[in-house]
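Visitor: Marked as domain 'Beta-ketoacyl-[acyl-carrier-protein] synthase III N-terminal' by TrEMBL: 117-197. Annotated active site per TrEMBL: 123, 265, 295, in sequence order. Look at TrEMBL and you will find 205-224 tagged as region 'Disordered'. Residues or ranges marked as compositional bias 'Basic and acidic residues' in TrEMBL: 211-224. Look at TrEMBL and you will find 250-338 tagged as domain 'Beta-ketoacyl-[acyl-carrier-protein] synthase III C-terminal'. The region 'ACP-binding' annotation in TrEMBL covers 266-270.
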Ligand code: UT7
């Protein structure tokens, strides 16, 4: 049952179609040189080994829900709608351990009693959330879903850890998905997704959840922030994203040479280059914004989609292959043909 009165009505055979995109970044830029003032690193190392020049940081009073509401409002405006049946928020950095952040975001966006919940799937969170939203639409449970990826990574990064502090940035991106006809441009293709929990400790915040709770108050700073075995994650990221993207393209009936744009989670410019090379997709078909936003985890894919669309790098009819990888370890890939007339707002 749909809650909203002006919700898109699901036709007999439905698919989930992308109709709006929006993004928001907190205004404060943190340059590599600023990080070098208190970290044993260099501007050259960060540029060459990660591909980042600057990232954004939210001020201490700004939380993930604030970023998510800004991006969500832009996506709704981009779609030309004011209501949605559900809000699915992908984040690793919710406002509180309880409740979920999505209901507050829905209320602030004036979405009445829309169903609202969070999804925790790390940097793959946005593609997981779109998959769940598309399922809700295809099953007739919802006619229109606002999907958001938002992160305040600065809240969980140890500023003195050179293995993580230069990498992560804050930001949010959002998409509106609506019921449409199968085969319509903008329809999400099949997803290829998976996880490898046997390697869960490769990216972990050890303390703060229900495990290790006895020592929570006495835990050292390193236990309360993200800890990452970067090189191990990098190798798995390349392998898993290459395999998932290959299968997602095949599920869409595309040869990899048919792909017009590869949208890769912005983890590290070297990872994106290795995945595109393994897939045989030339660099000019692989948009990137990591240099100016950093790795924004669950916000990365919708931020990149919004930037690429606003910059004219995604044109109507383009065959777009999307792929992400991150903590869990978890990965996902899917496809869509870029719709006509979509005005992304950032
Ligand atoms: O978003 C999804 C999850 N995250 C990712 O996908 C991130 C994946 N990993 C990475 O992006 C990369 O592994 C990093 C950027 C984190 C590290 O790059 P790397 O090429 O894998 O470096 P490494 O960890 O193998 O370290 C190489 C060297 C080491 O020094 P020694 O032992 O060779 O002397 C590190 O101590 O680089 C050193 N190093 C640094 N040096 C300067 C590590 N971090 C830094 C740094 N500045 N910030």
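A Cβ is built for glycine as well, from the same backbone N, Cα and C atoms used for every other residue.
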Visitor: Mean pLDDT over the domain 'Beta-ketoacyl-[acyl-carrier-protein] synthase III N-terminal' (117-197): what is the value?
Guide: 97
Visitor: Could you give the Cα-Cα distance between residue 265 (active site) and residue 123 (active site), in whole Å?
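Guide: About 7 Å separates the two Cα atoms.
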Visitor: Which sequence positions outside the compositional bias 'Basic and acidic residues' (211-224), separated from its termini by at least 6 residues, show Cβ-Cβ distances below 8 Å to it?
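Guide: Answer is 158, 160-161, 205.
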Visitor: Give me the count of other Cβ atoms within 10 A of the Cβ belonging to residue 265 (active site).
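Guide: Excluding its own Cβ, residue 265 (active site) sees 30 Cβ atoms within 10 Å.
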Visitor: Going by DSSP, is residue 265 (active site) sitting in a helix, a strand, or coil?
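Guide: The residue in question, residue 265 (active site), is coil (DSSP, three-state).
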Visitor: How many other Cβ atoms are found within 10 Å of the Cβ atom of residue 123 (active site), counting all protein chains shown?
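Guide: The answer is 33 other Cβ atoms.
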Visitor: Do me a favour and check the Cα-Cα span between residue 295 (active site) and residue 123 (active site); whole Å is fine.
Guide: 9
